[in-house]
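> Sharing a structure below in C-alpha cells format, with a few things to ask.
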Amino acid sequence: MFNINMEIKEKSITTFIGPSGCGKTTLLKSINRLNDLIDGVKMSGVIKIFDKDIFDKDIDITKLRTEVGMVFQKPNPFPISIYDNVVYGLRSLGIKDKKILDQICEESLVKAALWDEVKDILISPALGLSGGQQQRLCIARAIAMKPKILLMDEPTSALDPIATLKVEELVLDLKKDYTIVMVTHSLQQATRISDYTGYFLKGELVEFNKTKKIFTNPKDRRTENYISGRYE
C-alpha cells in the first residue's frame, strides 16, 4: 500500500470503500497490528494512536489490541454460552470477580442493543442466536474490553437487510463513546452512517474527505467513476 495519509477523528465513523483487493482490510488490520500474524508482512511508515506510534519497540501489543477492538466480517461467536462469550476476554486478563463480570456483561450487551433479547438465556449456547444477534454479540464482546477504537471489517455483509439495519443503528449509537473505522462494500451504507470516507484503489488511498463531499463533490476522477458505477 502507498500514499496513505489521513487523520481519523475521535468519536466519528470512518468508512473505507473501494473494489475487492484494494487494501481496505489490510489497512484496517494494521491499526491494531493484526497483520503482524501474517508471515512475510512488511511495514514502513507510522500509525499513531493518541500521539503514540503503534510500531514503537516499547508498544504492548496485548494492550494495543485491547484498546483497539475488532469485529470481523462473519459473526464468530465462540462455541460457549452467551455470557461466557462476552466475558471471555476479561477472564483472559485475569478478572475473576463474578460481580464485576456480571456488571460488564450486562453493560456490554445493553450497549450492543442485545440485552433485552438475551437477558433470560445468558447460559444458552451463543451459536443458537440468529446471524444478526451473533454479530451484535461479537460487538458486545469487543465492547467488554473497554476499547477506545472499534475496527469493523464488513460487519453486515453476511446479514439480511433487517439485521443490517439493527447493526447500523447500533454503530451510530456507539459513536458517542467510540471511534469507529469500518470497511464496507456498500456505498449506500457508507453514506448512511459514516462521517468520513476513504476511497482505495490498487493499494493507494485515492481520496479521503467528509463522506458528503466524497459522494457529492469528489476531487479525483477515479473516485467519481467508482461511486457512479463506472469503475473498470
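All positions are counted from 1 along the displayed chain.
Each Cβ is built from the backbone N, Cα and C atoms, and glycine gets one as well.
As annotated in Swiss-Prot:
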BINDING   G18, P19, S20, G21, C22, G23, K24, T25  ATP binding site
DOMAIN    1-227  domain 'ABC transporter'
> Kindly assign T25 (ATP binding site) to one of the three DSSP-derived states: helix, strand or coil.
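The residue in question, T25 (ATP binding site), is helix (DSSP, three-state).
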> Would you list, in sequence order, the residues of this chain other than G18, P19, S20, G21, C22, G23, K24, T25 that have their CB within 8 A of the centroid of the site's CB atoms, where the site is the one recorded for ATP?
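Other same-chain residues with Cβ inside the cutoff are T26, F200.
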> Work through the binding-site residues one by one (S20, T25) and point out the residue whose CB has the fewest other CB atoms within 10 angstroms.
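It is S20 that, of the binding-site residues S20, T25, has the fewest other Cβ atoms within 10 Å.
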> What residues, ordered by sequence, lie under 8 A Cβ-to-Cβ from C22 (ATP binding site) and sit at least six positions away in the same chain?
F200, L201, K202, G203
> Name, in the order they occur in the sequence, the residues of the same chain whose CB lies under 8 A from the CB of K24 (ATP binding site) and which sit 6 or more residues away.
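When sequence neighbours closer than 6 are ignored, K24 (ATP binding site) has F16, I17, G18, V183, F200 within Cβ distance under 8 Å.
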> Taking the Cβ of each of the binding-site residues and counting other Cβ atoms inside 10 Å, which one has the highest number: G21, G23?
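When each Cβ's neighbours within 10 Å are tallied, G23 tops the list.
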